[in-house]
Structure formats: structure tokens, C-alpha cells
Amino acid sequence: MRAILIVIDGFGIRKEKKFNAIAQARKPNYDLIFRKYPHTQLKASGKAVGLPDGEMGTSEVGHLHLGAGRIVWQPLEKINNAIRDKSLFKNATLDSIVQNVKSKDSKIHLIGLCSDGGIHSSTMHLKALMEFFHKKGVGEKVIIHFISDGRDVAVKSAEKYAAQIEQWGKKYGGTIATICGRFYAMDRDNNWDRTLAYYKLLTESLGGRAESASEGIRKAYEGGTESDYYIKPAVVGNAKPIRDNDSVLVFNFRTDRARQITKAFVSSEFDRFERAIHPKTYWATFTEYDKTLNCPIIFEEEKVANNLGETVSRAGLRQLRIAETDKYPHVTYFFNSQNEEPYKGEERIMVPSSKVPSYDQKPEMSADGITASALSEIGKGIHDFILINFANPDLVGHSANHAAIITAVEKVDECIGKIYPEAMENNYALIVTSDHGNAEETAYPDGLPKASHTTNPVPLILVSEDRKLSRVKLRKGGLIDVAPTLLKIMGLPKPAEMKGKPLF
């Protein structure tokens, strides 16, 4: 039987209705299929998706596990283990950085998101690096470029992390040289004007001025900045920019949001903006951000064979992936186990995302365009497997704007109401699930806005007019069980590498 998988991004399960945009939204179509068809819930955080216990899931990790059908241990857990067993301190790339600094009497620039959100980076990893360079006798050469978060942690928590890093600097050496919100420093959507602003901060010291990182953060708040996410680029004290012969280590372990700034420094064929100053550096990254970038990395990614997409392709079947720009890498690169190239028989549709500073300004996002594409393709009946992502609850959820998040959820429900009957009419089985929680928890218990993901489970509904499928009893499981379930529905054998099991 042919199958459709709809991933409602950032759609978790939480009983309490207070600060729960999903529970408060009017969603007659979702509620209908939930009542009518078999449903269950899936673990989407912690060790169930290759992360440390209690760590919230992400869209990248979620789609990776939805497609892989097995647990793929994530860089956060790998790096934590490498710090615990001291193997990180025997890393050849780190040794090369030390040698470069000593032989050329240059600086070490550590660039990364400075929070303990655990989604893109961890301040504990930064601390370990500072300790390592201190022990190697180059601690005073360390310069930290502080990227403020405001999304994976509380919206105004940067001062806490800056103070923490300043204390470590007193112990191990190292000073904060710049501050900048991730809106500029970590763009992933080809908004190269933002990347240029950060590049100029790093290479020309162009930006605001502050005597300390904490002062710079406070000045941003006083100037009307409502979230650490949007703090404008600023130089701290008399800090000098990145220069020839310096070493740079980007300690974000997640690949997508550190890619653009790395390309701006590393790519020999870079043409997105003019680089007035292009320092020749020893540039290294925690993980491989892009296979086309020729720079040393600290941690190799785990290779995954025989995922869902590959299995469908090998069976000679056709498949389709549909998402808007922001989630396009998730339904392609991450769902395909971090492989860029489509499989034989795999087609892709990317619907352009809206160009707005924050999606609470347009909570509908590009859901209508996604739905139009989905309806057209379902009606053709030529694809055996279709993957559709609706980003709204997650990306609007990151705004912590409760009213807008409700609108986002209701828009997705409207779209499901159109896709569901078309899928049944064309003899598809439809699975509706999510990759992680978000929209079900828009504030902390004290009422402060919560813009981050959650550790809550996510729902799964199996929608089918087939008599047997519509009556199965689904067990509880994890995201790794979705691929084996789809293969069972489609009548395809589960590869031995898939350790997940069908949910019925």
C-alpha cells in the first residue's frame, strides 16, 4: 500500500491546557482523525533519539531518526563522553591548533552559541576547550566570540552565560571579544546580509561597542531588544578582529546554522558578498558542516546505511519530499541520514519560506503552498511514499507568541483537513506525527515566555480506509519505530540495520 507521512514540526503532547497552544487551538480535522483512527505516542527526546537523558529533541535529530529507523548517537552525547573519558584532549586537530598558535604567535578564536540549550552547542564544551588550551600553555591566547541564544533557552538569559564564561576566563585564560545574536551569526536561510554583518564584526570589528559582554547585553535590552536572539553585533572592549595566521574553532556541533559563516571564511569560490578583508586562518569545526568545505573537523559523523528512503528506492518505488525552505533540509538531508543527494526515484519540492524577521508575524508561513503541492501530487497517484513537513508550530513556537502559535496550529489543521480526504480518495495510508515538542508549552510555569523545544512525547495517528489497518492497536514507541511501520504498511522488508519495530 502507498503511504504518506506528515510531520507536524514541534507538536508535542501535554495534558495541562495552560500555556498549551495545541490544546487551546481549534483543530477539528486533527481531532476527527484522532478520534476515528488508531493512535499512540512516541518518545522524541533523550536516549530515544541518541541524546543524553532529559535532553530535548530537535528537528534535525527527529527527522534523522524518523528516516533511519534506529538510534543514531548524536554529537552532543559523543562530545560529552569524549570530555568525560578525556579522549577529546588527545584530538589531533586540537593539537594542530596549539601548534599553529605557538609557531606563529597568533590567537585562538572560539566561535559558537553560548548557552546550555544542547541543541546547537553547549557551554560545557566551551569550558572543556578553555581548560584544554590552558593546560597546553596557550590559555591567554583564547578569544571567545559570544553568540547569544534566546531560542533554545530563556529569551533573556545571555547575561548569565556571559558571566559564567568570564569566570572561566579568569581561571583558564580567554576573554569575550564580541557578542552577537544568532539571528545574524547563525542564519541558515541565505539571508547573507545577516551573515555579512557578522563577518564584518569578526574581520573588521564593525558593530556596536561595550566595555564588557554583560554591559553589551544590557545595552541591547535597554535599546529595545526583546530577545537574545536579536542582539546586534558588538565589539567588547579593545578586542582585535580575526587576522592572518590565527586559529579558529567553531564549537557548534549542529551543522546547519554554522555553515554560512564558515563558508564565508573558508570557501575559495565564495561569491555571496565581497570580503573586504579575508584573513588566512587555520579554521576547524566541531563536526562536518558541509562536505564541500575543506577544513579539519573534531568529530566524524556516524554513517547510516539502509534508511527508509534508500529502502524505498532500492525496491524500485517512487518517493516525494515536500517542505518549505526552512525545513527542506530536514525532509531531504536529515531524513536521508545526512546524505545530500536524492535517491533514485526520489523527487523534491521546496516551497519558498516567507521573508519575515520572525514567523509570529506570519504564522500561516507557507503551509498553503505546501498543501497545494501535496494535493496536486497525491492526485497524480505516481508516488509510493510522500513525506510532508509543516513547520508552523515549531518555527512560530520559537517566537513564544502564544496567540500566533495558536494561529499556526490552526493553519496546519486546516491543511490536514484538505490532505486527509485526498489521501483516502487515492488509496494512501496516512501517518500524522511530529519530530519533537514545542507548541504545547509556550511559557514556563511562572509565565515567562518559553521559546524552546520540550521533552514531551509526540502523537502518531495511523489513518487508513483499509479495514485491517484502520483497526490495528498501536503500541507506544519512539521515532525509530516510524520507518519500520511505514515499510510494513508498504509491504517492504525491514533492513537488518533498522532496530526500530513496527508499531503494530
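Yeah, the Cβs are placed from backbone N, Cα and C, and that goes for glycine too.
Automated prediction, rather than curation, is the source of TrEMBL annotations.
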Recorded Mn(2+) 2 site member, picked from ASP9, ASP105, ASP384, that accompanies SER59, ASP435, HIS436 in TrEMBL: ASP9
Which of HIS120, HIS125, HIS134, HIS278 belongs with ARG151, ASP152, ARG182, ARG188, ARG254, THR255, ASP256, ARG257, LYS327 in the substrate site listed by TrEMBL: HIS120
Which of HIS383, HIS453 belongs with ASP394, HIS398 in the Mn(2+) 1 site listed by TrEMBL: HIS453
Chain-internal residues, separated by at least six, CB under 8 A from ASP394 (Mn(2+) 1 binding site): ASP9, GLY10, PHE11, SER59, HIS436, ASN438, ALA439, HIS453
Among HIS120, ARG188, ARG257, which are binding-site residues, the residue with the most C-beta atoms within 10 angstroms of its C-beta: HIS120
Under 8 Å by Cβ from ASP152 (substrate binding site), counting only residues of that chain that are 6 or more apart: MET56, LEU113, SER115, GLY117, GLY118, ILE119, HIS120, ALA451, SER452, HIS453
Cα separation, HIS398 (Mn(2+) 1 binding site) to ASP435 (Mn(2+) 2 binding site) (Å, whole number): 15
Under 8 Å by Cβ from THR255 (substrate binding site), counting only residues of that chain that are 6 or more apart: GLU60, THR287, GLU288, TYR289, ASP290
Number of Cβ atoms other than its own within 10 Å, given for ASP435 (Mn(2+) 2 binding site): 34
